[in-house]
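Here's the structure, in C-alpha cells; my notes come after.
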C-alpha cells in the first residue's frame, strides 16, 4: 500500500495564536464552572460561631443561591445527580455507623385550629434534642431529613458522665447542607467527635402537614355532628419519620423518646405513652396553646413514633389493670359503632400475654379510627391507628363473618405489639418476621374466638393456595432477601406485599405444623424474651427453633 497524500486546512500563524488563546480561555471557564459544580444544597451558619441557620435560602458548595420554595411547592433543591456531588457517605442509602442514638426529646407543634380547618399551607414546627454516642471519630454527621427547613442547629458535648444533659463543651457547626436524593441532612463540624463520648444534637425545624398524601404528619378533613372537622395524625412506617423530624430513621437504631405535643386547647393529643402533664404556652400573636407531655417510651425505632391531635370522642375499657381507649367520630361513638372493637381488644391482648407468658409492656393502649387512612391499619406502640371502615360495626349487626373480620384486623395489629414492637427486624429485608407472624396469629385468634368460622379452610384456600399460585410466577421472591436489594424507600415499600404477609404466614403455619404447636410457641417465647427491646434477623429465629428441637430430640432418643 502506498503512503496516502496529506490533506487538511492551513491557517496563518496569527490565526493559530488566536485559536490557542481562545482555547486557553475556554479551559479556564470550564475549570471555574467545575469549581461551582456542587453536590447538594447547604446552609451556612454565621461567621461568629453562632449555630443559627438561615432558613431563607439553600446554598450549594460554590455559593450559588436558590430561593426556598413556598410551603405548598416542591423544593427546587438540585438533586445529587444534577449537581454532581463529591464522593462521600451521603452517596449511600444507609447511615454510616458513626453515631448511635440513645434518646430523643421531641417537641412538635402542628398549627391546627378549629376555626382554620383548611388553610392553604398547614405547617408544623418542632424541636428535637438527640442524645447520641460517638463510635467513630468524625467531623461530619449524617441524619435522615426530608423536606424539613432548619432554623437552628447545635451540637453540645461531650456530655458529662452519668448524666444526660450536663455538658462540658460545645462543638462548632460550620456548615449544614442537604443530600436530598438520599434524604440526609449533613453537619460539617469544626472538630471531630470523640469515640466513646456522648453528645446532644439540637435542631429547630419546620415542615408541612400533608393534605394530600397520608404519610409523615398528615391532615384528615371530615364531617361529624353535621360540622366540618379536622385532625392531624402520623404514619411513619417505613421511612417517613424523617419527614417529621431529623432522626436516625433505621429500624435497628432504637432509642427512648420523650414526646411533647403543642396543640389547640380544643383538641386532645395522643401519643405512644400516657399523658404526663399539661401546661400552657402563648404564641407571638397572644393565642393560647396547650402543651401536653408524655411519659418516656421504651426503646423503639423511629417508625413507631406516633401522635394524633383531634377532637374525636372515645370509650374506655380496662383489661388486667390497663386502660384501652377507642377513639372515633362523636356520632359513631354515640351510636355504639365502636363497642365491639372496644370489647374485643382487651381479650386479644390477654390471649397473647398468656400464650407467650410475656406481658404487654406499655401501661395503656389507644386505638384511633381515622376517617381516612390509606395504610389501613398501623401498629404504633401504644397508639394503634385504623381506617374507621375496619372497625365500625352496627350493634344490631349479628353477622359472625363481619365480627370475625374486625377481630382479625385488630388481632393483626395487636400481634405486632410483640412481633415488630417488642422485637424488631434489623432491616426491612426481614419484614416478614413482623408481618408473617402477625398474620399467622390473626388466624389463631380468630379461630379461638370464633371456632365455628372455618378459618383453617379459609386460610388453606385463600392464603396457602393463593401464594402457591403466585410462587410459580416469574416475579416471585423469597420472604427474606439480601439487605442491599432493599435500601431505597420505594424498594422498601414494595416489600409490603403478599409474599411478606401471606407467604410469611404460611411459613409460620408450616413451622407450627411440623414442630408441633407446643415446641413452636416455646421457640417463639425464647426468641421474644432474648430480643426484647432489640432487633433480630431471620437466622436468630432459626437458632431459637433449633434450641427447642435439640432437647426434644434427645428426649425422644432416651425414651
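Quick reminder: no glycine exception, Cβ is built from N, Cα and C everywhere.
The following features are taken from Swiss-Prot:
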TOPO_DOM  1-13  topological domain 'Cytoplasmic'
TRANSMEM  14-34  transmembrane segment
TOPO_DOM  35-559  topological domain 'Lumenal'
BINDING   237, 376, 377, 378, 379, 380  substrate binding site
ACT_SITE  413  active site, proton acceptor
SITE      501  site 'Transition state stabilizer'
Return only the integer: C-alpha distance in Å from residue 376 (substrate binding site) to the residue listed as 'active site, proton acceptor'.
11
Cα-to-Cα gap, residue 379 (substrate binding site) vs residue 413 (active site, proton acceptor), nearest whole Å
5
Which of 376, 379, 413, 501, all recorded positions, has a Cβ with the fewest other Cβ atoms inside 10 Å
376
Work out the three-state DSSP category of residue 376 (substrate binding site).
coil
What span in Å does the substrate site cover, taken as the longest CA to CA distance among 237, 376, 377, 378, 379, 380?
13
Among 377, 378, the one of these binding-site residues whose Cβ has the fewest neighbouring Cβ atoms within 10 Å
377
Pairwise Cα distance for residue 501 (site 'Transition state stabilizer')/residue 413 (active site, proton acceptor) [Å, integer]:
13
Determine the mean pLDDT over the topological domain 'Cytoplasmic' (1-13), rounding to the nearest whole number.
39
C-alpha spacing of the residue listed as 'active site, proton acceptor' relative to residue 237 (substrate binding site), in angstrom:
14
What whole-number Å value do you get for the CA-CA distance of residue 413 (active site, proton acceptor) and residue 378 (substrate binding site)?
7
Return the residues near residue 380 (substrate binding site) by Cβ distance under 8 Å, restricted to its own chain and a separation of at least 6 in sequence.
234, 236, 272, 304, 305, 306
Other than 237, 376, 377, 378, 379, 380, the chain contributes near substrate (Cβ within 8 Å of their centroid) the residues 235, 375, 384, 385, 386, 413, 416
